[in-house]
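The structure appears right after this line, and notes come after that.
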Amino acid sequence: MKLQLAAVATLAVLTSPAFGRVLPDGKYVKIPFTKKKNGDNGELSKRSNGHEKFVLANEQSFYSVELAIGTPSQNLTVLLDTGSADLWVPGKGNPYCGSVMDCDQYGVFDKTKSSTFKANKSSPFYAAYGDGTYAEGAFGQDKLKYNELDLSGLSFAVANESNSTFGVLGIGLSTLEVTYSGKVAIMDKRSYEYDNFPLFLKHSGAIDATAYSLFLNDESQSSGSILFGAVDHSKYEGQLYTIPLVNLYKSQGYQHPVAFDVTLQGLGLQTDKRNITLTTTKLPALLDSGTTLTYLPSQAVALLAKSLNASYSKTLGYYEYTCPSSDNKTSVAFDFGGFRINAPLSDFTMQTSVGTCVLAIIPQAGNATAILGDSFLRNAYVVYDLDNYEISLAQAKYGTGKENVEVIKSTVPSAIRAPSYNNTWSNYASATSGGNIFTTVRTFNGTSTATTTRSTTTKKTNSTTTAKSTHKSKRALQRAATNSASSIRSTLGLLLVPSLLILSVFFS
């Protein structure tokens, strides 16, 4: 989920078991999570206008943790999001609750029932996201715990009005905080940063470095983990490579990167018989756990579609092609400048209710930033280094046994700079064919990165109906928001129903 920059497509819930903890001797915080499939959320209601819908339902997911807030404590489930930086929770008395959506599923915070809540009336809160959801309220403080981890003193907002059924625990860079780059900060001409969750962990002594590693695990598995302040070497194979974040908003006065944008240096396709380089045009790409699917500039998607003999369907709004067989080993190769992350084509393929397949990589028009969501991220082990404005990546390794955790002190242990570390994106350009990304791949032993052997069974979508959203989205006036989500929203209908966001294409 990214503030105004990225459309979020979320459906299933990844919940955190009760054994996430701080390890005093190792100084890191481990938050395991489990996956809850979309079918567990119940049936969707019928659209008010009766139109049928084509729904991509199987891959939607988000990560959540349960927090205990106040005295006595009230339990709330919030989205864990790398694409934003603030913690906010739904407040009691939200006008959307009841008649429009069920607010009790993930909990609401009633500040009047907490004897320890302290409001900060001088710090209003407003956040708007690319999917049309928003939250409005004010900051405050209270007793706050995640399992045995005491977070009291961490500032959070209570949203008196929101069209989202759940709150958000943003763990992005502090420059994404609404107090720094949000609507209120801009209008009041007073911007400041505060210790959000990652910074709070560091400054409270729970971790040594403001960094965390993300392991989504294979889609067929029901668990994964996030380590704050550490790396688990058992969760990846080959070399862990480091690349710098790129500052897309330097011209707007930002001295440092605002979000987790990196340089995608090329895109390719690997089959049993050959390697195909699609483009070596440099593209800025956001690594965002709050976005389920992957979004690429329209020219790049067209090149990929052409290599698959896919044709664009105006009816569906997607590229359509013959469904690959269950034993198809084709993978999409993402080049980051001297190393690749490979992802099975099946992760970007969805089967329709009528038996055809579509390419579930969403094209974006104009000068658009690529968004590498969960369909990409589950194939990578990703370390977000907020202190050094860097990302470290390696091919994810599944089915590992014993953990091999190493604390991050100042830099990511065992990671080395990518061969093209300094060859970063600088200007928007249309993706064109040419080049060869397969001659530059390196690993610690000098061989090509191994393509993961994963199931390529195509995900199947459900033909279902859903309620029509009746709310107009509010827009945040962020300085960082040069890329709107309008191109995404013109391709997909993003509809908010109780606790669910559905990606859908309308049939006439």
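From the backbone N, Cα and C atoms, a Cβ is placed for every residue, glycine too.
The annotation active site is assigned in Swiss-Prot to D81 (among others). Under the DSSP three-state reduction, D81 (active site) is assigned to strand. Cβ neighbour count for D81 (active site) (all protein chains, 10 Å cutoff from its Cβ): 27.
Look at D288 (active site): DSSP puts it in coil. Take the CB of D288 (active site) and look out to 10 A: across all protein chains shown you find 28 other CB atoms. Per Swiss-Prot, the feature active site maps to D288 (among others); the stated evidence is sequence analysis.
What Swiss-Prot records for 448-468 is compositional bias 'Low complexity'.
The domain 'Peptidase A1' annotation in Swiss-Prot covers 63-394.
Here Swiss-Prot flags N75 (among others) as N-linked glycosylation site, drawing on sequence analysis. Using a 10 Å Cβ-Cβ cutoff, N75 (N-linked glycosylation site) registers 13 neighbours.
For N120 (N-linked glycosylation site), other Cβ atoms within 10 Å of its Cβ number 13. Sequence annotations record features per position, and here Swiss-Prot assigns N-linked glycosylation site to N120 (among others).
In this view, N160 (N-linked glycosylation site) is surrounded by 17 other Cβ atoms within 10 Å of its Cβ, with every protein chain counted. Under DSSP, N160 (N-linked glycosylation site) is assigned to a strand (E or B) in the three-state scheme. What Swiss-Prot records for N160 (among others) is N-linked glycosylation site, and it gives sequence analysis as the kind of evidence.
The N-linked glycosylation site annotation in Swiss-Prot covers N163 (among others), and the record cites sequence analysis as its basis. Other Cβ atoms within 10 Å of the Cβ of N163 (N-linked glycosylation site), summed over all protein chains shown, number 22.
The annotation N-linked glycosylation site is assigned in Swiss-Prot to N275 (among others). N275 (N-linked glycosylation site) falls within a strand segment according to DSSP. Long-range neighbours of N275 (N-linked glycosylation site) (same chain, six or more residues apart, CB within less than 8 Å of its CB): G268, L269, A333, F438.
Look at Swiss-Prot and you will find N309 (among others) tagged as N-linked glycosylation site, backed by sequence analysis. In the shown protein chains, 9 other C-beta atoms lie within 10 A of the C-beta of N309 (N-linked glycosylation site).
Sequence annotations record features per position, and here Swiss-Prot assigns N-linked glycosylation site to N328 (among others) based on sequence analysis.
DSSP assigns N367 (N-linked glycosylation site) to coil in the three-state reduction, placing it in neither a helix nor a strand. The N-linked glycosylation site annotation in Swiss-Prot covers N367 (among others).
As annotated by Swiss-Prot, N-linked glycosylation site applies to N422 (among others). The DSSP secondary structure for N422 (N-linked glycosylation site) is coil. Neighbour list (N422 (N-linked glycosylation site), Cβ cut-off 8 Å, at least 6 residues apart, same chain): P244.
Per Swiss-Prot, N-linked glycosylation site is recorded for N445 (among others), and the stated evidence type is sequence analysis.
Among the features that Swiss-Prot reports, N-linked glycosylation site is placed at N462 (among others), with the record citing sequence analysis.
Taken from Swiss-Prot, the feature GPI-anchor amidated asparagine applies to N483, supported by sequence analysis.
Cα to Cα, D81 (active site) and N163 (N-linked glycosylation site) are separated by 17 Å. Within 10 Å of the Cβ of N328 (N-linked glycosylation site) there are 17 other Cβ atoms, across all protein chains. In the three-state DSSP assignment, the secondary structure recorded for N120 (N-linked glycosylation site) is strand. According to its DSSP assignment, N75 (N-linked glycosylation site) is in a strand. Its Cβ placed at the centre, N367 (N-linked glycosylation site) has 13 other Cβ atoms within 10 Å.
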